[in-house]
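The feature repeat 'WD' is assigned by TrEMBL to 22-53, 181-214, 224-265, 348-381. As annotated by TrEMBL, domain 'FYVE-type' applies to 267-338.
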Amino acid sequence: FSAEPSIHSRPQSSRPVLVNKIEGHQDAVNAAVLIPKEDGLITVSEDRTIRVWLKRDSGQYWPSIYHTVSCECETTRCLEFLISEDFNKMNHMKTYPAHQNRVTAIVFSLESEWVVSTGHDKCVSWMCTRSGTMLGRHYFSSWASCLQYDNETQHAFVGDYSGQITLLKLERQTCSTITTLKGHEGSISALWWDPVQRLLFSGASDHSIIMWDIGGRKGRTLLLQGHHERVQALRYLQLTRQLVSCSADGGITVWNMDTPREEAPQWLDSDSCQKCEQPFFWNLKQMWDTKTLGLRQHHCRKCGKAVCGKCSSKRSTYPLMGFEFQVRVCDSCYESIKDEDRTALATFHEGKHNISHMDMDPSRGLMATGGSDRVVKIWDMTQVVGCSIATGFSPR
């Protein structure tokens, strides 16, 4: 008899392990979802196919279901299918008339018996799963790009192309706007809601991630900067307090969120350098009075003060504030940062393909990534997240 070595006895690895690669799509892969408790996954592609892939004895994945959506106009609707228990048959159940333009995100809520969706028609829609009828719509000023939903409170989080996140309370026929979250400098491309700690994570085209402490009710936000391209997928692992994020250039970052972090400061406004008091170039009066040329304004990322280039010539990482890459800091803040303060609080890995969608199965430590290169990759993440998620064991 032989047995697979346990997760704890495997040699430690500092990177995700690619366990399988699925090719065959004719266009970009929009979604790749791991099937719970099965060696399989479901993919949805721009080539208008829905495929169910199962792992064969050879170790390779082959499609047991290959369904082609008949009409291109179906990109404006939400389709509901029922898959047989042996994953060999898929029956169309309902078509929801969700949007007037392309659908960008869908949430199927068994608890609410709703389908909630967002689209390029600048709205969020919610529909009844029993009757298939529209219950309500809410419109925004920009394309709605991503969505998360809290089953218990029926709150929806909607990110849009203007860089805002709107928190809505959905009712049977109406909805109300609770608040609007502003912090990103680019369009929102990914959201993840953790209902246990009541934390919302958002990723955007400005390459950054923001953690919004919704449950804390103090407006606390944490900035995380560890990508060089648009952040397109997020997943928070509540058991190990880790955040996994993926970007368009294939970057995979694993953040340690189980450590005290500092909020990044608001940038201060000033007409002159708050260190040397030299005027900035728009401060004509001080320039005339002192007979000096105006300087360009910069900001220290650690204290937020408005400073000139001479007083902020240093660069440093500061992971406690989410800056995993070197950023501009003023000279006094640079001196205050200790060596231990520069210790990374995230690990960085290469997916080596465009990643526009990611799914994780925490019980098995598996991750699936897909994107515009038409490829789906399945990763073993058990060593990267540093624990056996299934048993709750953590070496920390």
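Note: Cβ is positioned from N, Cα and C throughout, glycine not excepted.
For the repeat 'WD' (22-53), the neighbouring stretch richest in Cβ pairs under 8 Å, chosen from 181-214, 224-265, 348-381, is 348-381. Within the chain, the repeat 'WD' (181-214) has long-range Cβ neighbours (under 8 A, six or more residues past its boundaries) at 142, 145-152, 157, 159-167, 220-236, 238, 243, 245, 247, 255, 257, 322. Long-range contacts of the repeat 'WD' (224-265) within the same chain, counting only residues at least 6 positions beyond its ends with a Cβ under 8 Å from a Cβ of the stretch, are 16, 186, 189-192, 194, 196-197, 199, 201-205, 207-211, 301-304, 320-325, 327, 345-360, 362, 367, 369, 371, 381, 384-387, 389, 392, 394, 396. Each residue in the repeat 'WD' (22-53) gets a DSSP state, and the totals come to 0 helix, 18 strand, 14 coil. Break the domain 'FYVE-type' (267-338) down by DSSP state and the numbers are 19 helix, 20 strand, 33 coil.
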